[in-house]
Amino acid sequence: MVVQSLEGVGSVQSSIDVAANPHSEDNSSPKKRRVSSRLQVKQKPQKELLVRQRVELLDDNEQGPRKKQANVRGRQTGEVADSEELPKATDSVEKSDRVRVKETLRLFNKHYLYFVQEEEKRAVKAEAQKKASRAAKRGAKKSKKGDLKKADTKVAKRPDLKALTKMNDEKEILFPSKRFGSIPGIDVGHQFYSRAEMVAVGFHSHWLNGIDYMGQSYSKGKYSNYTMPLAVAIVISGMYEDDLDNAEEVVYTGQGGHNLTGDKRQFRDQVLERGNLALKNCVEQDVPVRVVRGHDCKSSYCGKIYTYDGLYKVVKYWAEKGISGFTVFKYRLKRLEGQPLLTTNQVQFINGRVPQSISEIRGLVCEDITGGLEDIAIPATNLVDDPPVAPTGYTYCKSIQVAKNVKLPTDATGCNCKGSCVDSKTCECAKLNGSDFPYVHRDGGRLIEAKDVVFECGPKCGCGPSCVNRTSQRGLKYRFEVFRTPMKGWAVRSWDFIPAGAPVCEYVGILRRTEDVDSASENYYIFDIDCLQTMKGLDGRERRSQAVCIPTVNSLERPDDHRSDNVPEYCIDAGSNGNIARFINHSCEPNLFVQCVLSSHHDIKLARVMLFAADNIPPLQELTYDYGYALDSVLGPDGKVKKMFCHCGAAGCRKRLF
């Protein structure tokens, strides 16, 4: 199965700090307006055709989806003269191991959320059956209805395991065969938000066992010189009373004889077989093992977060009477030298690094950039400039403002659901999404997968604000911080964990006609709403899931509207008025994606632009998304190709933004 790209829809002219003047946003030094590929159609069609052919050639060679898609400003890089030498972009033919790991985890999350949705549907059905059963008990057919209740109300509780089963069946496990040493693309400090995620990428092959090992089936071929079994990975999660963890050195208790009720006590002797024998063989054959530590974490659905802490050598083993009086096997492990520093303590106490009050914030230059407009204050910090400055030059707004010459469509006829939409077969809004809801209730609402467009319930719907199909309309719910960076200007990070599929924020500004901002010379915050062009796959845009039913009254069916076939008619201008989204930067390996949403009306050309989490995002990680420029696709006023460095810092950085 091909993993669907989670890059955005919509093209953008992103805001960029000039490298020689990192304060350009504050000092208002002269800057040339960057011309987006949208304008190439009007200015230089021959060049646009060559660029498009080049992009198509790159895509044919699987060099990564760098098509013109939803993109936004972000003070990313410095402009350079055409004669200056830029580093070559790294559009490699093969995907990096890091990207493959990320895509596999995204695929797992997609399957996981799908099965969460199935579980939620069964829960609704079970509740309805319970009510029917209670009503029936007051009638003459109590026993039959009671049997029905027992038969039909069982609800699955492990969608993560169902997701693994599906990935196994579809051969989507990244590294299905076990191996010694590190796993490509997974560095020391990598965090897993469940044991199932480890299984999905082939890091640890079992969701429950603490010791992962190679069995006798590996005794042939490249491992024929080894005596099996041999351990490849262990999980330290505090489940055994005899464990001793001193970070660089560990005394690990073998498997078996453990009371699984949670009191950590042994109830019988351990036996030198399976994983225990595998660790013993590691001592004798000098084979290191991967060590993962688990810590309590409220953000993870399994209650723990797991951190890869590197390779450890098993230096000794012995048997002894444990605390409970039963024989246990002990293994002393020492961390191999030359690896990155341990991050477990930082992960374990990650929330302790997040300021708990205004007085604890280092480099604070503004207590709340929203001026009280948002329910949660957004501070700004600056540890880069001397003297430190706050973000200026704009007015914060939390909702879209509409230009005088733009007329919004009338509110669409909504669904007749009451309270909350629950039946996707009868809800009119769900029918527009392929007769299903795009979100699950878990974690306050999460989008199962990226779509061309998501139809949400609107002002004329019968449901209330708690309806799952209004997930993106609830405003900001995470604690954000705007902070200054040395190379990219202002940036955004969250103080809270953000689960994959969760809405982060809307791109807010002034809704304008695109033709009205074409002449602007210093506005780098224009976000073209090209949902319609993306749905049609025009100009190399990457199409998404087509499981939607587009109403015939919108722009797709307007035969007289020829301009919209190639050029977005509307855009969002966050230059003078905007929200936190205007500060989110580009990355070649982003953790957010752009999703177009329709709620109050159904005009594709005027869709809302939302940013969603593409991955499970830990606290204090910068929030980014891919602006999606094709290389050599941006022309200056003189018609020459403009080039910009990319300073996103990703391992797979293309070196150039465009």
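Counting starts with 1 at the first residue shown.
Backbone N, Cα and C define each Cβ position, glycine as well.
Record features (TrEMBL):
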- 45-57: compositional bias 'Basic and acidic residues' (COMPBIAS)
- 85-96: compositional bias 'Basic and acidic residues' (COMPBIAS)
- 131-144: compositional bias 'Basic residues' (COMPBIAS)
- 145-154: compositional bias 'Basic and acidic residues' (COMPBIAS)
- 181-335: domain 'YDG' (DOMAIN)
- 413-475: domain 'Pre-SET' (DOMAIN)
- 478-628: domain 'SET' (DOMAIN)
- 642-658: domain 'Post-SET' (DOMAIN)
- 1-96: region 'Disordered' (REGION)
- 129-154: region 'Disordered' (REGION)
For the domain 'Post-SET' (642-658), the DSSP residue counts stand at 0 helix, 3 strand, 14 coil
The mean pLDDT across the domain 'Post-SET' (642-658) is 85
Taking DSSP H, G, I as helix and E, B as strand, the domain 'Pre-SET' (413-475) contains 14 helix, 9 strand, 40 coil
